[in-house]
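A.B. asks: Below, the features straight out of Swiss-Prot:
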- His15, Asp164, Ala165, Lys166, Arg230, Phe231, Asp239, Arg245, Lys246, Ala262, Lys266: ATP binding site (BINDING)
- Asp17: Mg(2+) binding site (BINDING)
- Glu43: K(+) binding site (BINDING)
- 99-109: region 'Flexible loop' (REGION)
Amino acid sequence: MAKHLFTSESVSEGHPDKIADQISDAVLDAILEQDPKARVACETYVKTGMVLVGGEITTSAWVDIEEITRRTVRDIGYVNSEMGFDANSCAVLSAIGKQSPDINQGVDRRDPLEQGAGDQGLMFGYATNETDVLMPAPVTYAHRLVHRQSEVRKSGSLPWLRPDAKSQVTFLYDDGKIAGIDAVVLSTQHSEDVSQKDLHEAVMEEIIKPVLPAEWLSASTKYFINPTGRFVIGGPMGDCGLTGRKIIVDTYGGAARHGGGAFSGKDPSKVDRSAAYAARYVAKNIVAAGLADRCEIQVSYAIGVAEPTSIMIETFGTEKVSNEQLTLLVREFFDLRPYGLIQMLDLLHPIYQETAAYGHFGREHFPWEKTDKAAQLREAAGL
């Protein structure tokens with residue numbers, strides 16, 4: 001394979017779409033804390049001065065949607081009108097109904113093992129051994145850049161930083177291996193009182209250099225720091241935000257295929273979310289076991305049916321055993337029925353708000369990032 005470039009992006013917790021994702025998942029967590037069997041599909045829209053929370057929720061719990069919304073926006077850092085959005089004064093509107101009984105009858109079963117999928121759909125999981133967290137490097141470092149922006153903003157060391165930010169990293173690959181970083185883009189919202197010179201220098205020294213490994217940077221690496229020259233108006237004042245609009249940022253940065261379903265605001269009965277987590281778990285364990293250097297898995301479901309309608313493995317020529325054998329191993333060691341994967345990954349807990357910014361994958365404390373099946377897979381494969 002010749003040299004090639006590959007790029008991924010990320011956005012900070014203060015990006016409008018990510019504000020929406022975090023509010024949706026904060027509502028989900030608050031409900032799951034009281035009612036683990038709740039059915040939640042919570043969508044959020046944010047724009048200057050307002051938040052609209054809607055969706056279908058069936059639960060025995062009562063939660064204060066307005067308080068959850070304000071607390072989430074406050075924790076992100078939008079706490080005064082100078083930023084264009086203020087947790088204390090924005091309007092919070094609610095338009096929530098109940099889940100359709102037609103859907104519910106296909107999901108709930110007397111035998112929980114026969115719990116049907118909450119919808120049809122296809123999901124992908126992916127892993128690669130090019131980073132220590134078995135994730136593609138471009139999206140991993142794009143996340144780390146905006147996470148670092150948040151850290152230095154919240155610590156007060158760069159007091160002119162504001163919550164909205166975006167990053168993009170272009171890696172150079174040679175014969176499929178990382179050869180360096182070709183380009184870095186970092187745009188951050190800021191207050192009026194910082195010069196572009198000071199901003200460029202501080203972003204370079206306090207955000208970019210501490211995050212990106214020096215051995216991948218060279219004299220030819222290109223840096224684009226706030227390339228428009230000004231980013232004062234940001235957050236919901238600059239753009240409206242919606243739940244589920246950053247599905248590539250949430251997953252693999254474009255390095256793997258995507259089934260199209262978003263994650264945030266959905267309880268684990270929605271296979272858009274839970275089966276995508278399970279697919280990541282499967283792919284990561286296959287790579288951790290040394291059965292392939294790269295692994296992508298597709299699973300699909302029919303609404304109301306427990307068993308997946310298909311399982312497909314792709315290893316891009318890096319497999320140590322055949323893809324047919326890998327598929328048999330997946331069926332043997334992983335229960336990909338909705339109830340089975342919920343139990344396998346212990347998903348009925350309020351763990352979701354934290355997933356809603358900086359990526360759902362590659363963060364080791366989430367249960368779908370465990371590699372506890374790797375040794376069994378390796379032994380069963382005869383390696």
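Every residue gets a Cβ built from N, Cα and C, even glycine.
Tell me about the setting of these features in this model.
C.D. replies: DSSP assigns Lys266 (ATP binding site) to a strand. A C-beta separation below 8 Å, combined with a sequence spacing of at least six in one chain, links Lys266 (ATP binding site) to Leu28, Val40, Ala41, Cys42, Asp272, Arg273.
Secondary structure at Asp17 (Mg(2+) binding site), as computed by DSSP, is helix. Of all the Cβ atoms in the protein chains shown, 22 others lie within 10 Å of the Cβ of Asp17 (Mg(2+) binding site).
The Cβ neighbour count for Glu43 (K(+) binding site), using a 10 Å radius over every protein chain in view, is 22.
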A.B. asks: Looking only at Cβ atoms, how many others are within 10 Å of the one on Lys246 (ATP binding site)?
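C.D. replies: The answer is 25 other Cβ atoms.
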A.B. asks: Express the distance between the Cα positions of Glu43 (K(+) binding site) and Asp17 (Mg(2+) binding site) as a whole number of Å.
C.D. replies: 11
A.B. asks: Could you tell me the C-alpha distance between Asp239 (ATP binding site) and Asp17 (Mg(2+) binding site) in angstrom, no decimals?
C.D. replies: 9
A.B. asks: Taking just the CA atoms, what is the gap between Arg230 (ATP binding site) and Asp17 (Mg(2+) binding site) in Å?
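C.D. replies: Here the two Cα atoms are 21 Å apart.
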